[in-house]
Amino acid sequence: MLEVKNLTAIRDERILFESLSFEIHAGELVQIEGRNGTGKTTLLRIIAGLGECECGEILWQRSKIQSDRESYHQDLLFLGHQTGIKRELTALENLRFYLAVHQQTVDDPAIFEALAKVGLAGREDVPVAQLSAGQQRRVALARLWLSKKPLWILDEPLTAIDKQGVSVLEALFLSHAQQGGIVILTTHQDMFADNPKLRKIRLGDPK
């Protein structure tokens, strides 16, 4: 379970959100909504332990994330606006590197399959620097098919993804939640239309 307690964030003398509290349980799929500038990215970064807040706390499995960041990040997959991939490596090498850093053992056929899922079949050995921005983001998204982490925090994961790709990712997010994981995301795309499994948390306008 993830708990957000009395969270307040101020940026450039604006209160983005104040005394924000909610809980997210295993098996939940949550979309953070709000107009541009309401603090969606700020909130995700704070929850991921990558941003600061004026007051409040985040608890994961009833422990404050600040007290054991290493353990928390072992359970967390965060995908932000920056893809975190290495341009000098190929798509295949990037995923091998990611898995090694996170001490996961996955064979190459599974990596090839993950890249195929995001539409990069045949591009596995191309240096990332030669891929388009959308293709580079797909390399980062391929991690989702390989991850064993229970908590996914995804900031605009559908940027530059076509309609078919959105459908594939939507199915993956639902599957992760059905298996007891948690997905927290922001998106401007119309996903999960009328899906009862989706919970929405809306941020108000800054003060």
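Placement of Cβ uses the backbone N, Cα and C atoms for every residue, glycine included.
Listed in Swiss-Prot:
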BINDING   Gly34, Arg35, Asn36, Gly37, Thr38, Gly39, Lys40, Thr41  ATP binding site
DOMAIN    2-204  domain 'ABC transporter'
When each of the binding-site residues Asn36, Thr38, Thr41 is scored by other CB atoms within 10 A, the minimum falls on Asn36
Out of the binding-site residues Gly34, Gly37, the residue with the smallest number of other Cβ atoms within 10 Å is Gly37
One residue among the binding-site residues Arg35, Lys40 has the fewest other C-beta atoms within 10 A of its C-beta, namely Arg35
Cβ density check for Gly39 (ATP binding site), other Cβ within 10 Å (all protein chains) comes to 24
